[in-house]
Amino acid sequence: MTTVATTRNPGSLRALYSGNALAVVSRALQATRSSNWVVVVSGFFEPVFYLLAMGWGLGSFIGDVTLESGETVPYAAYIAPALLAVSAMNGAIYDSTWNVFFKMHFGKLYDAMLATSIGPLDVALGEIVYALLRGGVYAVGFMSVMQVLGLNLSWTAVLAIPAVLLVAFGFASVGMAVTSYMKTFQQMDWITFALLPMFLFSATFYPLSVYAEPIQWVIKALPLWHAVELVRGLTTGVLGPVMLVHVGYFLVMITAGVLATTTRLRALFLS
Amino acid sequence: MTEPDRLTEPDRMNEPAHTTTPGAVAEPMVAAAFAGALRPRRFGAWYIAEHQLRQMRSYGWTVVMSGIGSPLIYMLGIGLGLAAFLDVPVASGPDGPVDYLWFVAPALLATAAVSVTTEEFTYTVMAGFKWRRLFWGMNASPVSPEQICSGLVIAVTLRMVFVSAAYYLVMVLFGAVGDVVLGTLMVPVGVLAGLAFGLPLLAFSAGIEEDRGQFAMVQRFVFTPLFLFSGTFYPLDTLPVGLQWVGWISPIWHASEAGRLLSYGPGPGSWPLGAHLAVLALLAVVGWFVARRVFVGRLRS
């Protein structure tokens, strides 16, 4: 790699980023169209099934839920934004872990990409943008279902779509950084295992108030809780300055994730 | 386990395995080979099961952690969290309303056993036939296709026994069982549910030549709806009648109801235990026969 080092300093931005992340995105889109679009489309149904099963069935036993602000909303309107946030998390994690892992270790795709002028930051951004496109399609679909079922309680629900993209960006960038440390498929199961408690505990199906205060603080440190609160605030129209904290949480997460991913890809492929 | 000998197949061993002198030209090595084939011929399924279990050891920590960790998390999240939040009783036993935890725990146990099969009877099968072609290697030995199928089922059954037993222990720790002694029968019921769902799935997976995301579709459009609409979190009759049929065909519903009967007895309108077990057994047996046929058809073609 000495020839590269003389022309491009490996630490400089030019060596990391060639401004061609869109090539990575369009490659991913073409691959989706030719191979697994049915699987991609079917991802939309998962949160809808959960909404129907939990919102309807369990909702008949729960009735209305009182938010921390004191407002009451129907149970289905309470869990729908949480399911939206969860599906943003799952979609982003799935794309940035399983897909990236496969491309990294079996497809040897990144070796090929990095042999061209594309740099590690292009790869990281390209993969993340693709994950966001996919997440955006799911979000629009699910928001339409919510609208039809009358679960969007305020006009601010429109803002839930960019919010979901922000959430997905956060999870995708961190997920990719974590994946770069994975050596075997079995280690990937630990990611699934880490997501399960977040899914169940992050005020998804019931308010945090059922927990003791120390446990509440632990949950409030986790990203999914911020995602759920942010999206729920927007769809129910119960907004406050705390929304900025949730947004800030994800901005930090995105920055840290992109930095870590780029560093790791450089260490893996360009050293 | 005695497997029927298939000695008439022309492309397999022409000699009956139990005749030790295959002819006048028999050399000692040939005789030794035939003698060595005797045990695999008879106990082949167990050899395959042993192989599959050893293979599972490569992800042993995942098996153990998800086997014990998932029930803990579900019991905390759904059993205690959601239960604390619900102020209306959801389900009733013979003596009136029961704890939500009592109601939901048997369903979670059955779901755990069934979800083992969504992993082991899909990707593992695809790996055996196509990706790693292990089943073809086994097929080249005296072991029969039926025995390969049975061996896989034995190994997965053992994993389900472990998962169900771990779930049951966690349930007992959480006080989620009415009758702790009778409730232990939930472990075999959970395994039966796993087979009732898993063996038809095995038959389906064994027939797949090309992976086009069928397993993701099964997960999304079969397993997830069955899990969610099987009276898992609230009684089945709360659902609109148009959706209740999902429960009637769902191994998860039958096993959940059987588990509830064992834990706290029959609630109003519940089916008899025998009916639930009969449905589960029927699904398992039909799946078993079809799966074996598919294995034979594919490995002998």
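Keep in mind that glycine also has a Cβ here, set from the backbone N, Cα and C atoms.
Per TrEMBL, the feature domain 'ABC transmembrane type-2' maps to A:38-268.
TrEMBL lists A:37-63 (among others) with the feature transmembrane segment.
Within the chain, the transmembrane segment (A:75-93) has long-range Cβ neighbours (under 8 A, six or more residues past its boundaries) at 43, 46-47, 50-51, 54-56, 58-59, 62-65, 67, 131-132, 134-135, 138-139, 142-143, 146, 149, 151, 153, 160, 164-165, 167-172, 175, 191, 195, 198-199, 202-205, 223-224, 227-228, 230-232, 234-236. According to TrEMBL, the transmembrane segment annotation covers A:75-93 (among others).
Residues or ranges marked as transmembrane segment by TrEMBL: A:153-178 (among others).
Per TrEMBL, the feature transmembrane segment maps to A:190-208 (among others).
The transmembrane segment annotation in TrEMBL covers A:238-260 (among others).
Among residues of the same chain six or more beyond the transmembrane segment (A:153-178), those with a C-beta under 8 A of the stretch's C-beta atoms are 73, 77, 81, 84-85, 88-89, 91-93, 95-97, 100, 124, 127-128, 131-132, 135-136, 139-140, 143, 146-147, 191, 223, 227, 230-231, 233-237, 239, 247, 249-251, 253-254, 256-258, 260-261, 264.
Listed as Cβ neighbours of the transmembrane segment (A:37-63) (distance under 8 Å, sequence separation of 6 or more from its ends, same chain) are residues 74-76, 79-80, 83-84, 86-87, 90-91, 94, 134, 137-138, 141-142, 145-146, 149, 151, 205.
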